[in-house]
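Visitor: So Swiss-Prot lists the following for this protein:
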type	residues	note
TOPO_DOM	1-14	topological domain 'Cytoplasmic'
TRANSMEM	15-35	transmembrane segment
TOPO_DOM	36-572	topological domain 'Extracellular'
CARBOHYD	ASN105	N-linked glycosylation site
REGION	116-135	region 'Disordered'
DOMAIN	139-231	domain 'WSC 1'
DOMAIN	242-337	domain 'WSC 2'
CARBOHYD	ASN254	N-linked glycosylation site
CARBOHYD	ASN345	N-linked glycosylation site
Amino acid sequence: MAKPFFRLQKFLRRTQFLLLFLTAAYLMTGSLLLLQRARVALPQALRAPGSLQALPVATVALGVGLLDSRSLHDPHSSPDLLLDVDTLRSPLARVPPGIRWPRRNRSSLRRRWLHHLTSDPQGPPTLGPEASGPASHNQGNYLGCFSEEGQERTLKGAVFYDLRKMTVSHCQEACAERSYVYAGLEAGAECYCGNRLPATRVSLKECNQECKGEKGSMCGALHRLSVYSVGLQQSGAKKRWTATYRGCFPLPENITRTFSSSMTQANVTVETCSGFCSQKEFPLAILRGWACYCAYPTPQFSLRDAVDGALCSQGTEAQGLPGYCEVYQTPVQDTRCTDRKFLPNKSKVFVALSSFPGAGNTWARHLIEHATGFYTGSYYFDGTLYNKGFKGEKDHWRSRRTICVKTHESGRREIEMFDSAILLIRNPYRSLVAEFNRKCAGHLGYAPDRNWKSKEWPDFVNSYASWWSSHVLDWLKYGKRLLVVHYEELRHSLVPTLREMVAFLNVSVSEERLLCVENNKEGSFRRRGRHPHDQEPFTPEMKDLINGYIRTVDQALRDHNWAGLPREYVPR
């Protein structure tokens, strides 16, 4: 009797160890599969149109703590999953009667918000280099390999990057649209434009990197440019020498000193003058009688004192009164403020550029980078922005090599990591619409009608309206040193507001550089064309909710000795 009992006991002990081993193996395998699925599922999101549905894998991973919360700020999260606003402990944050704060913790709402490459339907496509077409050398002559190692680049008129599908023809077309003569490719993914060839030609073997999207085509190397001429036959290239009318302006006192180049020609036209100035890489073409002048905006000719266009009317041979001139914007970019770099030494002051999503943070970064000459960083990574020239996107956000760091975070711990911050505020009505458009159609697109008419829009407003308010309240409460900037003031009074921002960043900037920024103020991230959704998207209930938050933020700003919100924020 004892022997069978002993055997049974021995078997059960072995079974316990076996079950323990199988359980550990099961948990380890499940964790590895979860991580692998998360990595595979995120790129697949690129192929699907934007919606507000949560990613199950990302949600599970966040719940078990396997993935970094910064990589899972999913813009497509279902509103049912969005956590809500903590009860703010400060007197300034008391909720006025009638405002219903959501019931869950807002930290999850911030965590699920994502500025990641995979969140943007307009991000780089999944098509790899293998699917690209053959090289397009016939669309422009290959001029050779050139060195660009100096501080001052020769080809700097237009710059963009594409880490996944850069081709020779892609760069040529981009330069042709801006009326440049030469297109240079560097490091396999960088495109530069200009009207003058670099001075130093090197061996063809030194341009040994293939284009990221075109096997067999050389796209330069580190500090080496493969330069092509831009052919007029480029498909997709716009008409050359087009110009945009800027207005009628008084002539400066010293024309010769203010206008760098000129020509006189009978029956000179806008296109002729624009072409002449574009070839010389000037952003302004000025017409006065039969004379054509080329110039940059300067303190002596700042384009801020426009007069009635009738004074420059072209009804006579003299073409208007002698003291006035017509000014046109050429397709050529003002290059005096396009040079940017990382900080030479790590910054001692860690500065945030904080805003609610949709408040114009990317546009503000464009202005700051071109004004200071230093890259801005980001708490997130957005491949689309990197491809558009925001090189700081790839730098670690805590590297301190950038002039400031973009963030939409608003928790106490996240705020207190920064020594100071520029707090960018925008009208919540416009911010909500802008962010909804970005979620559904990318940085430059518009959400289709089906999204506005679905349950997604009211759920989005109910979840995000409170975040707009709590974001400002938290930064006012926990921020160590703040500069409050209103988006509307930045747009209406760009140079004075930008000058204040640059001073806050402790950078000295010339007036010419600020005027250059003003001349290039739009950048590449403004939605073009008319909004296709003309109807009022906000219901009376939505307006009541948002208006309550506006009053709360306005009072909080005043309590902290800041001016209140602009008048256009006043409840509708």
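Glycine is no exception: its Cβ is also placed from the backbone N, Cα and C atoms.
So where do these features actually land, and what's packed around them?
Guide: Other C-beta atoms found within 10 angstroms of the C-beta of ASN254 (N-linked glycosylation site) number 9, with every protein chain shown included.
Following the DSSP three-state reduction, the secondary structure of ASN345 (N-linked glycosylation site) is coil. Taking a C-beta cut-off of under 8 angstroms and a sequence separation of 6 or more, ASN345 (N-linked glycosylation site) has no same-chain neighbours.
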Visitor: Looking only at the topological domain 'Cytoplasmic' (1-14), report the model's average pLDDT.
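Guide: Computed over the topological domain 'Cytoplasmic' (1-14), the mean pLDDT is 64 on the 0 to 100 scale.
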Visitor: Using DSSP reduced to three states, classify ASN254 (N-linked glycosylation site) as helix, strand or coil.
Guide: coil
